[in-house]
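In Swiss-Prot this protein carries:
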type	residues	note
DOMAIN	410-737	domain 'NACHT'
REPEAT	677-698	repeat 'LRR 2'
REPEAT	724-747	repeat 'LRR 3'
REPEAT	883-906	repeat 'LRR 4'
REPEAT	925-953	repeat 'LRR 5'
REPEAT	963-1004	repeat 'WD 1'
REPEAT	1140-1179	repeat 'WD 3'
REPEAT	1272-1311	repeat 'WD 5'
REPEAT	1314-1353	repeat 'WD 6'
REPEAT	1355-1394	repeat 'WD 7'
REPEAT	1396-1434	repeat 'WD 8'
REPEAT	1476-1516	repeat 'WD 9'
REPEAT	1614-1653	repeat 'WD 11'
Amino acid sequence: MWPAGAGTKLPCPRDSALRRAAFSGNLTALPSHLVPAGRSVRVFISANPEDTGAERQALRENVYPKLREFCRENYGLEFQVIDLYWGVEEDEWDSPELQKTRMKLLENCLKTSAGPCFVGLLGEKYGNIRIPGEVEASEFEMILDAAIEAKLETKLLEEWYCRDENSVPAAYYLRPKSEMLRSNRNAMQPSTNAENEKTWQEISDEIKKIFKAAVKLLHEKGKMKHSQAKRYLFSAIEDEFDFALGKQTPAFLKKCVCYIRKIANIERFVKIPEMGKYMDITGTEPRIIRDPEAQEKLIKLRDEFIPTIVASSNLRVYTSVTHCDMKLGYSQEIENHYIEGLGKQFYEDMIDIIQATIQQNFDTETDTLYDEILQHSSLCKTYASFYEYKCESLNIVHNYILPSKAGHINPLIIYGGPCTGKTLLLAEVAKKAYGWLHEDTGPESDPVVIVRFLGTTDMSSDLRTLLLSVCEQLAVNYRCLVQSYPKKIHDLCDLFINLLNESSLQRPLVIIFDALEQLSENDDARKLWWLPAHLPRFVRIVLSTLPNKHGILQKLRCLIHEEDNYIELIPRDRKMCSQVLKHQLLRVKRKVTSGQQIYVNNALSKCTLPMFVNLTFREVRHWRSHKDVDESSLSVTVHESIEQLFWSLEKKCGQKLVSRALGYITMAKMGLSEMELEDVLALDNSVMSELKENTRPSNPLRVPYLYIARLKEGLSGYLIERHVKNVTLLVWANRHLQLIAQKLYLQDDNDLREMHTILADYFLGVWSGGRRKAFCLEDPYLNGCLDLENRSLLEEEKHFMEQASFDRQAPDQPWVFQCNPLEPDIFFVNHRKMSELLYHLTRCGKTDDLLYGIIMNFSWLYTMIKIGQFDKVLSDIELAYNYSQEKELKFLANTLRSIKNKVTAFPGSLSAELQQRLLPVVSSLPKLRHLLLECDKDGPKYCSIVPLHSSMDVTYSPERLPLSSSHLHVTEILPTCNPSTVLTALENGSISTWDVETRQLLRQITTAQSVILGMKLTSDEKYLVVATTNNTLLIYDNVNSCLLSEVEIKGTKHGSSATYINGFTLSANHALAWLEASKDVTVIDLLYGWPLYQFHCWYEVTCVQCSLDGLYAFCGQYLNTTTIFHLGSGEKLCTVTSEFSGGFVKFLLILDTAQEMVMVDSEGSLSVWNTEDISSPQLTDDFDCRREDSEVVSIELSEDQSAVLICKALSIELLDTGLWKVAEKFRAKHNERFISAVLSKNGDCIIATMENTSAVFFWRRDTGQCMASLQEISGSIVKLVKSSHHNMLLSLSTSGVLSIWDIDIITAMSNIDKTGKPIQSLLLPARGEIIYSLDGSDCVHKWNFSSGFIEAVFKHEGIVEHCVLTSTGDIMVTSDDKSSQYVWHTSSGENLFRINGQRISQLLITHNDQFVVSLCEENASRVWRLATGHRVCNILTTLQNAFITSANTFVVGMTKSKVLAVSLWTGSITKKFCCEDGTTIVNFKLIPDCPDIIVFITSAETVNIWSLTDEVICRRVQLPNNFLKNLEDFEISPNGKLGIIARGDENINVLDLYSGKLRVVHASGIIWRQRLSRDGRYLVYICFRNGEEEDENGAIFSLIVMRLADGKNIGACSLYKTPTFLALSQRHLNIIVGFDDGSIGIYTVVDRVDAALKIKIATSNSRQIFNNATHTSRPKCNSYCFKISVDCLWRESTEVFARDSPITVSDSTESNEATPSKKHNSCYERVCSALEARGHSYAPDN
């Protein structure tokens, strides 16, 4: 989780001043917005709402989303547009409240935007002057007098403006419109609303007229200054332009843009009604003219003010002139054309400004410590700004912090109840501490202040991460080099104390921890053992805590005894609070009247907490002098005041909007950003329904920003901004605010689930990219139509659905924002999705999205690991597993743990590492399929190696649970329907229910001192039945663990000896029990818990079994007799006896499907009875097994009742129930005995344990191959129990440890085929998807490339030494150590003919597949015709490492320091090259694309290029001295330009054979094997690391692919077995690696991810396995044997064909001819047809 060596990051000159200030805690040096990259781009749109509606709508629909996407992808920032007119009703545009809010937000945008901040849209309309919301009393009265003087009617002003004495100075304010018009805003009365709007319009026009005339008069007379008159005479747009552009620097103006639209000759169209919105008009019909006064002001603004700004700066201004249609004026078409151009220009300008003003900053993505410090610094500055009380406590802390000369120094503790101001005091201390110390210790000093508000971040909530971050910050400040931080908490604490000692007089240290009670209890953090009681001389620690939480204050008092070290924050007295309130009000120019003060004093007498005073101030500042207040006007507690604050917000913004907005902020894990809040509210239909109650919804459906602004303004100081990972989030400033919000808005479970779902959908990006979400209406029928998952919709319903669905403009939510797809490792992390999505998915029940949207998402895994959050990945997977209980998640977590070292060092290798480990198990764990497909899709961006078939053995360890010190104490183990829950019984009478994964005891029953003989659960797990030595059955309610009844079991009365219960069994409603040596079976009703009746049998009962339907009981007895009873009536139906009557019935099996009963006696004999007529069963089959001397240990019927497994001490038999025959039989080795055996769930595998061994063995049924022998580390296994509900196996060891094995995972091992011996050689035909392997045995194995399974085995008489294939792979020629050669037809497996006589040293086949060259070391080598076996010629020279030239003319080889070219037609040496000066030829190669050019290396360390045609050296390249000392291999590129030389070291030597230059590329380890791709573009090599570097899983070998063009490693993959052979296919770039256990791994290289290669991966069989819903079993492996008879015997220089040989004997002369014999035969034809197929199926090699 922590970047390595964080302590080594020393502040250096290039580090920013911001960073240094943050690390040292100099908060005053930090800007108000701490993180430049953390601010969003906030653009304020200044425009007249009337004439720019279409432009602003088009920009919102088409341009803003694109700009937002651009900013997120390229800078990791939000792009936000503040357009306060959008979505607001027309009658609100003139509202003074709105204008006031606009100016505040404009100022905020100018200050905080990281990029462009202001866009002005100016047309031909100047706009209305504003109605003032509040006017000072003296000014208002002066205006009133002037109006009277001008003979204006002032009644309206007097009616609508009211004097307010609470204002300082007194003022007149505009009364609320709703109050004055007394309108009921009800949608059922639209006429009333329309009338009100009209009335208001008339009134507002009249008020403006009065103000305008009066102010002008006052201004002319000099009674009012221009600056005062401006607010009455200017329109809103001029104010905004003036504020934004008027007094700014040229640098700042680069971030602003103006778009001016002029309409030519607009005055001509003044009478067209629609043109009224594009210009200011005056007069009435028919004398309507353009308002000359407004036009004059517009010209002044547009043609004078703006050009003046442009002249002195680089302000971007675009002016467009549009011409009206002669009839229609400024028509829709003309406007659309203008809007289209504006949109393009707006987008380009924003991009330009963003790129010019914002720097991409990727550093903060990985610097976790810096981000943590900034979060706390940001909070500190925010909290300190709310600090109001200048109390004595601050002085005490000030004095404590200053360095003293002597005496013990202890931490200082500040404590007090909730809302007493502890956090604000500590924030103020943290803010001032640096300055205090600097002042006290001199200007040369450099103090360090570390502040943490515990519990506000993940890292400050846990002791381990808290100490780690503080230690890292100390190490950076005091320049301490910490190589690695301790893992153990006590070592970390020691490091913390050691780092405290680094402080000095010049560098004093202050550490501030607020809210100790917020620390989690992990590592006993709340016991405070980690807190140093005695501090170094220059260290001060200030702590705060609640007095009664977790006993922390009490523990502190035990640690620190001096009372002087404790400061209690107690409530202030009423007078002081009243004084504070008075000052707060005066700051905002308000006061309370003497009448109101009584109620304020009354409230303060009941509560004087700082927060209550602040809440009271919030309420009182809105009081008006003429409004009545009483005792109920003010709350008397903090909680009530907060509730009152929220309710007042609901009135202002709407109940649903406030409840949902505050609910979302409260429920979000880390808070929400402003943009996220906007997005989420837009997705909430209940909010949008409230907002759109009276208006028709339209695209895009969004919440008008005005509501967000009002919400933030109403909660300013309580809803604060906090910087987390470059994002500014809205969070509660106080835990009490959060509690009240939770209580008010997050109580209803349905609402909670719906809100979590909306947040989850938002972070999943469900509604991004313009996807429309249905806007649910109240009509249930319409809602039914809108159900997207509904039946196939009718056309009209579809049309309605489209009409009623709207784009909410939710942004896309990838895990990372990538600015360049070609550089996948340069990105910004979507931290918001990382921190929020999992949290909400687990709370809204979206399991599939949790699994596939996060945990099985490769992009999430890769990103988390890349940014160093590996441990967070594991904790998130664990959380998802606890929630979903999917075992795939558990396996994935274990898999990730095992590859941790590799993927944290090389994150790019994640996909290949995962694919290797998941491919073998995906058929058993199908949910991992999604992750594998994700790896295929996204993995090749980072690693070009894609495993197609993995041979990796599955590593698996079971869950273990210690039950007792010995197995002798454990009497019974029962699995349950919950895979992680088991029941165990001990002989002491205790029955425990365990959760195996957590090792927790869930519940326990004690059976009153009696020893337990056994226990069973009913099939529905409702009842638990326990047999005891008291001869009683105890019946328990299994769910509640309570005893329901106790029933005594009585048997046949004979003799006086004591007998115990011999056994019992359960049906659905009954328990059946019998005593030792008893002929009676007692039947008990489980529901009522009493005995019903006894079954009386002929002989002593040995076993009882019930039918599946619970109707019949089958009682097995001595003398192999079974009696059948009716369970319902107790009636005896019949008795049957087997003729093998030597023993007793040990087991009974009931096959319901076949209506059969199977009796198994103690000696293993079987009798099968047909029970179709239950009263008269008929014997159908029997087996007498008395000859075998081993007893039956266990027996099992397979789940599908198709097989019976009989485990005896010395053998395991599997019977087919269809034929009643032994299908398979496995015998134990000498001196071994079976304890138990079971079948896997699907019956494919047999699992068994042996006596005195600690291993569980797994056999494959079809092959008998032992797939695995898994060791149980806790001791020898004495018992196996199989779960009937899950594919789980329980084993008990001698040490009393219970292990739970997942058979699904273990049977996955059968997905890997092995030959059993190290692979020595691999052959691939030029075309076709087959691989052949040689492993030093007498077999050649044929592998299917797509599946990775062995298809066939070709057996030979001796050990196979050589093998060659035709290009299609249809014919194979092999030779063995018995001097035999074999020609095989690979499809049919037929050995076509066999040649004996000479031991072969090398086999070669010509490129046209016609001839074979058999090279011998002792006798003459031969060239023979493949079709007939006839000799073409003899080669008398011994050749080594030979090749056939591509023209099929020569065989070229080495002999005694010579390179010889021998003719394939005559066998004579045609060309040769001899070394001079006694040098020898070390190695040679043919150049693939140049058939007659040979490259060889000599011992003189020269590389020679020899032309076979001209017999001359074309080129000679000298290598460095001693270069060939360790030569292992060399490869030549197809064009002969490059040579790759391996020397067994860590270097790849690339030799340019044209220029002679040698380039050395460092490899990832010591190179073991290398291969050049057929096209010469890639080098594939396997390297190994020294044993010291071996990782946990023993992966010391790595497979690497290097691109030769740039020397870059494009893929790496660990090999977890020892490789023995490396081969590449000729077509594509497929890699096949042979391993020492006889398995092979198949990989492909995907360098550029194109469609064809994606299809190639998707169609490989390893992917098809898990694509098919019904997974068919693997094809059977065929075994083909060699011919016993020899067809041809080679002598010295002749061949002798056998009489019965399929090869036709011909003249010796014919053997030299190039044409084949005319005497055809069947064998000849088969070979020929196979060879001809080559011509028909030929396709160019890729």
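Note that Cβ sites are derived from N, Cα and C of the backbone, with glycine treated the same way.
Bear in mind that the values here come from a model prediction, so they are computed numbers and not experimental data.
With DSSP states grouped into helix (H, G, I), strand (E, B) and coil, the repeat 'WD 1' (963-1004) comes out at 3 helix, 23 strand, 16 coil. In this chain, the repeat 'LRR 4' (883-906) lies close to the repeat 'LRR 5' (925-953): three or more C-beta pairs between them fall below 8 angstroms, excluding pairs fewer than 6 positions apart.
Residues 1441, 1443, 1445-1447, 1450, 1452, 1454, 1457-1459, 1461, 1522-1524, 1527, 1529-1532, 1534-1536, 1539, 1551, 1553-1554, 1574 of the same chain, all 6+ positions outside the repeat 'WD 9' (1476-1516), place their C-beta atoms under 8 angstroms from a C-beta of that stretch.
In summary, the repeat 'WD 11' (1614-1653) does not lie against the repeat 'WD 5' (1272-1311): fewer than three C-beta pairs, each 6 or more positions apart in sequence, are under 8 Å.
Touching of the repeat 'LRR 5' (925-953) and the repeat 'WD 6' (1314-1353) is concluded from the presence of at least three CB pairs under 8 A, sequence neighbours closer than 6 excluded.
Proximity of distant same-chain residues to the repeat 'WD 6' (1314-1353), defined by a Cβ-Cβ separation under 8 Å and at least 6 residues beyond the stretch ends, is recorded for 948-951, 1359-1361, 1363-1369, 1372, 1374, 1376, 1386, 1389, 1618, 1620-1621, 1623, 1625-1627, 1630, 1632, 1634-1640, 1642, 1660-1662, 1664-1665, 1674-1675, 1677-1680, 1737, 1739, 1741. Away from its own ends, the repeat 'LRR 3' (724-747) comes close to residues 35, 37-40, 76-78, 364, 371, 375, 382-383, 386, 418-419, 423, 457, 611, 638-639, 642-643, 646, 659-660, 662-663, 665-667, 670-674, 677, 712, 717-718, 755, 828-829, 831-832, 835 of its chain (Cβ-Cβ under 8 Å, at least six residues beyond either end). As a summary of secondary structure, the repeat 'WD 7' (1355-1394) carries 0 helix, 23 strand, 17 coil according to DSSP.
Using DSSP to sort the residues of the repeat 'LRR 5' (925-953) gives these counts of helix, strand and coil: 16 helix, 5 strand, 8 coil. When pLDDT values are averaged over the domain 'NACHT' (410-737), the model yields 89.
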